[in-house]
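Below is one structure; the comments refer to it alone.
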Amino acid sequence: MRAGPRRQHLLPPQDNRAAVGYQRQDPVIPPQRDLDDRETLVSEHEHKEKTCQSAALFNVVNSIIGSGIIDFSLILLIKGGALSGTDTYQSLVNKTFGFPGYILLSVLQFLYPFIAMISYNIIAGDTLSKVFQRIPGVDPENVFIGRHFIIGLSTVTFTLPLSLYRNIAKLGKVSLISTGLTTLILGIVMARAISLGPHIPKTEDAWVFAKPNAIQAVGVMSFAFICHHNSFLVYSSLEEPTVAKWSRLIHMSIVISVFICIFFATCGYLTFTGFTQGDLFENYCRNDDLVTFGRFCYGVTVILTYPMECFVTREVIANVFFGGNLSSVFHIVVTVMVITVATLVSLLIDCLGIVLELNGVLCATPLIFIIPSACYLKLSEEPRTHSDKIMSYVMLPIGAAVMVFGFVMAITNPQDCTHGQEMFYCFPDNFSLTNTSESHIQQTTQLSILNISIFQ
């Protein structure tokens with residue numbers, strides 16, 4: 001392979017490659033730039049460490065659950081890469097819409113995983129602090145079990161070392177562990193829906209479907225279900241990647257993820273209805289030992305998901321500012337800088353709901369609905385009546401509407417947050433509550449039944 005000239009600062013990828021020495025047989029998507037995802041994340045001496053299909057499956061499932069359920073959109077993305085002869089999301093958009101599209105996509109592709117890293121830190125700090133508070137003899141006000149210390153400690157001991165890997169294939173086993181812990185969490189949430197749900201007062205109109213804030217919910221779901229930003233990374237880590245193999249992998253990943261996400265959301269809402277918080281574990285009582293174990297599993301899960309997002313942010317920075325080629329020193333420097341900034345921001349923000357909404361409508365929605373559809377519509381020579389084009393014509397305006405209206409509603413009608421507060425139904429003593437909401441709902445509930453015995 002020939003060595004291409006080094007790109008200048010902020011220039012998009014061109015049709016050349018660095019002499020890295022990495023090759024694979026029969027590529028479905030030809031090489032397009034100096035140092036692409038395969039070369040950055042799977043170096044020459046690591047060529048034999050390509051992931052098998054099962055490891056890639058767990059990487060995709062982990063990305064979806066932690067952080068796309070949009071099956072068609074994911075396959076459309078890889079098809080667009082095949083049509084354009086590109087092998088990264090950025091190079092696909094650059095080939096389709098030129099430099100302006102490349103810059104816009106780079107900003108979105110950086111912001112989404114970066115904000116996701118912030119949200120994962122918030123979850124880890126909130127969740128694990130409650131776990132350590134349950135240790136006998138530990139003062140709840142102890143600074144060493146506070147969310148700030150836990151965020152810093154988990155960053156230094158776990159997320160930073162894992163994020164320093166150059167090969168995304170090495171995260172396959174980590175993603176398997178994360179997926180297994182997610183299954184345990186699902187079991188705990190289901191158990192508490194049965195044992196705790198009947199004792200939680202239901203809010204009025206709890207079962208009214210598609211209220212006006214449904215648009216905000218779509219934004220949150222977009223945040224949760226996206227893995228488009230790292231799809232090419234996982235695709236490139238496959239042995240002998242093909243569109244057919246990718247389609248099978250995505251179908252299987254989506255089935256697993258849909259099952260877990262639907263059951264998790266349904267059981268959580270069945271338990272708490274209108275009291276449900278952005279972080280579901282904020283709803284459970286601190287003296288619930290079973291949920292405490294679930295919190296521990298949940299905290300570990302988001303910590304293990306964190307590196308997947310860091311890989312993408314680092315790759316975007318490498319492409320835009322360093323021509324795609326990060327030396328060992330700059331690899332460490334960029335990783336440390338990104339994680340440091342994300343950690344500092346997460347220390348200042350403690351409400352998860354608004355983070356999920358804004359990241360969903362502003363970043364995830366374009367990455368899922370708008371950009372893949374627009375690229376495919378411009379590149380494909382299929383007739384307009386082709387099924388792929390029809391779906392693309394449907395997805396594009398839906399994504400634009402969700403983005404605009406979701407942002408307006410997230411700003412004008414932000415989600416309430418009760419971070420760090422014990423919910424009213426957690427008090428073990430007899431308790432009479434009259435709750436008046438904005439819609440003048442009044443509920444009076446005797447909560448004497450909610451004593452410690454419920455949580456044993």
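Keep in mind that glycine also has a Cβ here, set from the backbone N, Cα and C atoms.
What Swiss-Prot records for this protein:
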REGION    1-25  region 'Disordered'
TRANSMEM  58-78  transmembrane segment
CARBOHYD  Asn94  N-linked glycosylation site
TRANSMEM  98-118  transmembrane segment
TRANSMEM  143-163  transmembrane segment
TRANSMEM  171-191  transmembrane segment
TRANSMEM  206-226  transmembrane segment
TRANSMEM  252-272  transmembrane segment
TRANSMEM  291-313  transmembrane segment
CARBOHYD  Asn325  N-linked glycosylation site
TRANSMEM  329-349  transmembrane segment
TRANSMEM  351-371  transmembrane segment
TRANSMEM  390-410  transmembrane segment
Measuring Cα to Cα, tell me the gap between Asn94 (N-linked glycosylation site) and Asn325 (N-linked glycosylation site) in whole angstrom.
18
By the count of other Cβ atoms within 10 Å, pick out the sparsest of the glycosylation sites Asn94, Asn325.
Asn325
Which listed stretch (329-349, 351-371, 390-410) has the most C-beta pairs under 8 A with the transmembrane segment (291-313)?
329-349
Taking 3+ C-beta pairs under 8 angstroms (sequence gap of 6 or more) as contact, is the transmembrane segment (351-371) in contact with the transmembrane segment (390-410)?
yes
Selection from 143-163, 171-191, 329-349, 390-410, the stretch that has most Cβ pairs under 8 A to the transmembrane segment (98-118):
329-349
Should anything in the same chain at least six residues away from the transmembrane segment (329-349) have a Cβ under 8 Å from its Cβ atoms, list it; otherwise answer none.
114, 117-119, 121-122, 125, 148, 151-152, 155, 159-160, 163-164, 166, 310, 313-314, 317-318, 322, 355
